[in-house]
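Taken from Swiss-Prot, the feature substrate binding site applies to Ser11, Lys43, Val76, Arg90, supported by sequence analysis. Feature annotation from Swiss-Prot assigns ATP binding site to Ser11, Phe12, His19, Gly91, Leu92, Arg93, Glu101, His126, Leu127, Tyr128, Ile129, Ser130, Ser131, Ser132. Under the heading site 'Transition state stabilizer', Swiss-Prot lists His19.
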Amino acid sequence: MSDKIGLFTGSFDPMTNGHLDIIERASRLFDKLYVGIFFNPHKQGFLPLENRKRGLEKAVKHLGNVKVVSSHDKLVVDVAKRLGATCLVRGLRNASDLQYEASFDYYNHQLSSDIETIYLHSRPEHLYISSSGVRELLKFGQDIACYVPESILEEIRNEKKD
């Protein structure tokens, strides 16, 4: 029997405790879970890709079956096929997230009918945390320590020094 391999993707700009919770829970469902940082190289992100990847790798180092990868200009289903993933993992905070994700699920299934999508609901304590909300707080100099993993906080601090 082959390994169960999953893929959880996002821009993680920055990664939040909500993302980490989904990763930890999904890691228990798969033999191998890839966390894919998908980014647009033509768009200026808040945190450079290297910082996002380094912070994410540190945040998940306690999960032996999780590997962080990055991609650009590729469809999620193509990356999933390349990695041998048969399941995409998506986190949901609310009905709007479900509606948004369902449209991608439709196209992904049309492109590759053997790849399934599973949805994990956010824990109540993470329902209102978003990367855009964290970026907004940072813009106004607010403390974000309770919204992001320590490793991400370190990357943001290091980036601000430069």
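Heads up, the Cβ atoms here are built off N, Cα and C, so glycines get one too.
Recorded features from Swiss-Prot, shown on the structure.
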residue : record                 : DSSP class
Ser11   : substrate binding site : coil
His19   : ATP binding site       : helix
Lys43   : substrate binding site : coil
Val76   : substrate binding site : helix
Arg90   : substrate binding site : strand
Glu101  : ATP binding site       : helix
Leu127  : ATP binding site       : coil
Long-range Cβ list for Val76 (substrate binding site), cut-off under 8 Å, min separation 6+ in sequence, same chain only, gives Leu7, Thr9, Gly36, Phe38, Leu88, Phe104, Asn108
Sequence-ordered binding-site residues within 10 Å (Cα) of Arg90 (substrate binding site), taken from Glu101, Leu127, Ile129, are Glu101
Closest of the binding-site residues to Lys43 (substrate binding site), Cα to Cα, picking from His19, Glu101, Ile129, Ser131?
-> Ser131
Cα within 10 Å of Ser11 (substrate binding site) is the criterion; apply it to the binding-site residues Leu92, Glu101, Leu127, Ile129, Ser131 and give the hits in sequence order.
-> Ser131
Of all the binding-site residues here, His19, Lys43, Arg90, which one's CB has the most other CB atoms within 10 A?
-> His19
Fewest other Cβ atoms within 10 Å: which of the binding-site residues Leu127, Ile129 wins that one? Let me know.
-> Leu127
